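Report on one structure; see the data block that follows.
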Amino acid sequence: MRNRLDRRLASEALLVLALIAVAALARYAGRHEQTEDMRIFTAWYRKLLAAGGFEGLGKEIGNYNAPFLYLLWAASLLPGSITIKIKLVWTAFDVLLAFFTYRLAAFRWGVRAGVAGALIMVLLPTVVINASFYGQMDAMWASFALGGVHFLVRGKPWHCVVFCTVALAVKPQGVFIFPLLALMVLAGSMRLLPLVAAPVTWVLLDLPAILLGRDPVELLTIYDPARQSVHVPALTSNAPSVWTFFPFTARADTVRNLAYLFTAALVLGLIYVLVARGIRMDATRIVTAAAAFAIGVPFLMPGMHERYFFLADVLSLVLAIYRPRLWYVPMLVQAASLLMYQPFLFGRNDKIIDPMIPAGFMLAALVVTVHTLVRDVFGAPAGAPEPAAPEPAAQEPAAQEPAAQEPAAGGDPEPAAPARAGESLAASPA
């Protein structure tokens, strides 16, 4: 029995190591690829070095916030070519994505599920391509947003707010996770006080650049819509969004402003429905709401790139882990994102596929996710958490397969739903 157990564990470890090697080699394969975005980052890198390297952090370089420049400077400390150094720094955040996926999956189903979830995350096509091939850094902000969801599920609102703020400070797309914080506060599952961490974190992140001479007003208003919208003047920049179905050219500015208001109205409307029902936000509902916002906000907003669905790619996988019946949602999201990557990656102007098809996939994923959340809310008594699953089986001998309800890593049981943040969250098998 002991020998058979040892052989099985050795086989599992070997397979995990093999999959890690595949993930690493997949990233290595794209190390020399140059895209337009990579050329822009290389130009910013050279400007930073020309401005004195570390001292250049006090200069306005590029249109990203200060934390991006810190990492660009960190890349300059590494050996190798500029392209490989930058991609290596960006790819490091794939590891952070894997870590928080592991933590979330292990909290729900146990250690083996956590390992499987982390491996799937680092092998998702868009996650592999984004940093190593595309040369983009969406894993950077998305990993902190995912960390925020993880800490919210764990009942640690202060940590959650800090991580969500870091996501926003890295790139404006980090705002996609903030409707979840609004929902938690308005639903009474999180106090207002932890939100104080947001401005404090933001200022602390920008402080080194300010001390080195960067204009604080310019830096703290880096996300002024008037400054950002000029970079994507169209209603969509190859994103699988609702604006693929409505390619307006006349009165685009008016439509853009109306689109922002329309998006805000729908997000607030969904929050209102959830709050009005008085449902406690347990772990599964938190993950479902996070996925709904990550898909819905970029789908409805104008001026989106295809990469802005990166958090949707990530959270749709976590959603399928928490609600296995929705296994097809990450497939829809992944297909939509991946199909829209090809013009930027391969420089193709011809449409090898009608963009309405990927947009339709994303719309289907959004409808399913929101419908699942709303049906769950209206199917439970007001003020009640999601019905708990049967008690998990007692700790099984290592030679046996883990139960479906295996306790979380570290022996953490999924705690009871709180009325306020700072308390633990309810058990929520779906």
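Please read every residue number as a count from 1 along the shown chain.
Every residue, even glycine, has its Cβ placed from backbone N, Cα and C.
The following features are taken from TrEMBL:
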type     : residues : note
COMPBIAS : 383-423  : compositional bias 'Low complexity'
REGION   : 383-430  : region 'Disordered'
TRANSMEM : 70-97    : transmembrane segment
TRANSMEM : 109-127  : transmembrane segment
TRANSMEM : 160-186  : transmembrane segment
TRANSMEM : 258-279  : transmembrane segment
TRANSMEM : 285-305  : transmembrane segment
TRANSMEM : 326-344  : transmembrane segment
TRANSMEM : 356-374  : transmembrane segment
Range from 70-97, 109-127, 160-186, 326-344, 356-374 with most C-beta pairs under 8 A to the transmembrane segment (258-279): 160-186
Intrachain residues whose Cβ lies under 8 Å of the transmembrane segment (356-374), provided they are six or more past its termini: 240-242, 244-245, 270, 273-274, 285, 288-289, 291-292, 295-296, 299, 309, 312, 316, 319, 323, 326, 328-329, 332-333, 335-337, 339-340
Stretch contact, the transmembrane segment (326-344) with the transmembrane segment (109-127), Cβ-Cβ under 8 Å, 3+ pairs: yes
Long-range neighbours of the transmembrane segment (70-97), counting only residues six or more past its ends (CB under 8 A): 27, 30-32, 34, 38, 41-42, 44-46, 48-49, 53-54, 56-57, 121-122, 127, 130-132, 135-137, 139-140, 142-144, 146-147, 208-209, 314
